[in-house]
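A short worksheet on the structure shown next.
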Amino acid sequence: MSSSPEESSPTIDDVDSFRKGVKQRFSDKSKKVAQTKEMLSKQAVQTKEILSKQAVKIAKQAEEHERFINKVTHLVGVLAFGAFCFLLGSRPQDIPYVYCFFYFTFVPMRWIYYRFKKWHYYLLVNTEFSQILIYACFGISWGGDFCYYANTIFLVMLIFYPKNEKLFMVCFSFAEGPLAWALIVWRCSLVFSSLDKIVSVLIHLLPGIVYFTIRWWDPATFEAMHPEGSMSQRASWPYVEDKSYLWTWLFVVPLVAYTLWQILYFLIVNVLRRQRLLRDPEVMTSYRELSKKAQKANNMWWRLSGVLGDQNRMLMYILFQAAFTVATMALTVPIFLSYELHVIFQILKVSASIWNGGSFLLEVMPRQVIMKEKKKLEMQPLPVQPDQPTVSTEIPTETNGFTESDSQSEQPCTKENDS
């Protein structure tokens, strides 16, 4: 017996219930997706907070044991410097490996220290968790100070393209141009008791030594200098005779790469992260620190940067840095061509760093000790005994010829002025 059409066809109620069921399923899935996104977002925020707290914790523990850490750092630093000098003379071909080990080991440690000091914009501008991981693992900075941008290129060249002559010349220009002269201009100090200052010096000094050894001392390049069956007397690797080729890869191409970095840095610091910097004036960038010091000293650079008005000081800062880069990159051409000039330049860089380190130890560090002791006494006043005159715990503003304004805290290399 067959059923009637009314009984076999779905009713309006059945269709409505089916639609509601489908909508409910989509709604449930949308809620699950939203909940998953919210959960992942919370986990990312929590992970970022954990990393920041760990960075602060490590830095605070280091400050609590500062004297002991300084002694250990001084001991290890002196021994490591001696070992490096020995290795430089006995096995110069291994210096690039030393540089890679140094960068992968100590630069992530520097991020922890700078994050605590709010100097991390010298290293990288965006501190999102994914970029922190990339930076810590690979030494890649997104818009950080130029020395980290250049050092990243050095690592790429040494690890992946060690025989690329053009890339070698670009890296040579960076290493013996802006980075090398920054040691002298920014007065980086080789102080063995300060890990931060050691890293600052080595970040600027080591690349030049690496490319010096590859160009002049590496035994692996002797084959290129004296090919089998050839009577030509090549002095170095790479061997370049065309002057236009030399200027292209030692000056023009590096200058273009620098310009790209400068544009990227400006966009990130002054556009993408502008509100973040305005909210927290303690967060340091190269421009903030240099302008702060120049304004305090009221020196020639501060007056020159104000020629176009206070609102254009950032533009003047960029122009000054561009002029510095152009001049130092141009000087790499004669250094590249002359072994004697290159040796003299290495001696000059090391001597300047050691001299500045001595100035810091003899002039700046005593003032820092005085200021630290003064702050401790101010925070912990001596108890006043009954029937006895009040004992003042305040140290005079001037002590042994040093005034409070003379104190100077430890700072990144790009903003050192240790005299």
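Each residue, glycine too, has its Cβ placed from N, Cα and C.
Source: prediction; values computed, not measured.
According to TrEMBL, the compositional bias 'Polar residues' annotation covers 1-11 (among others).
Annotation source TrEMBL lists compositional bias 'Polar residues' at 387-412 (among others).
Look at TrEMBL and you will find 1-30 (among others) tagged as region 'Disordered'.
If you look up TrEMBL, you'll see 378-419 (among others) marked as region 'Disordered'.
The transmembrane segment feature in TrEMBL is assigned to 68-89 (among others).
Under the heading transmembrane segment, TrEMBL lists 95-113 (among others).
What TrEMBL lists as transmembrane segment is 133-161 (among others).
Positions annotated as transmembrane segment by TrEMBL: 167-186 (among others).
Sequence-distant neighbours of the transmembrane segment (198-217) (same chain, 6+ residues past either end, Cβ-Cβ under 8 Å): 73, 77, 88, 92-93, 95-96, 98-99, 102-103, 106-107, 109-110, 147-148, 150-151, 154, 158, 168, 171-172, 174-176, 179-180, 182-183, 188-192, 236-238, 336, 339, 342, 345-346, 349-350, 353, 412-413, 416. According to TrEMBL, the transmembrane segment annotation covers 198-217 (among others).
Here TrEMBL flags 246-269 (among others) as transmembrane segment.
As annotated by TrEMBL, transmembrane segment applies to 314-337 (among others).
Residues 176, 180, 183-184, 187-192, 197, 201, 205, 208-209, 212, 335, 408, 416, 418-419 of the same chain, all 6+ positions outside the transmembrane segment (343-365), place their C-beta atoms under 8 angstroms from a C-beta of that stretch. For 343-365 (among others), the entry in TrEMBL reads transmembrane segment.
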Tertiary contacts of the transmembrane segment (68-89), as residues 6+ beyond its ends and Cβ separation under 8 Å: 62, 95, 98, 192-195, 198, 209, 213
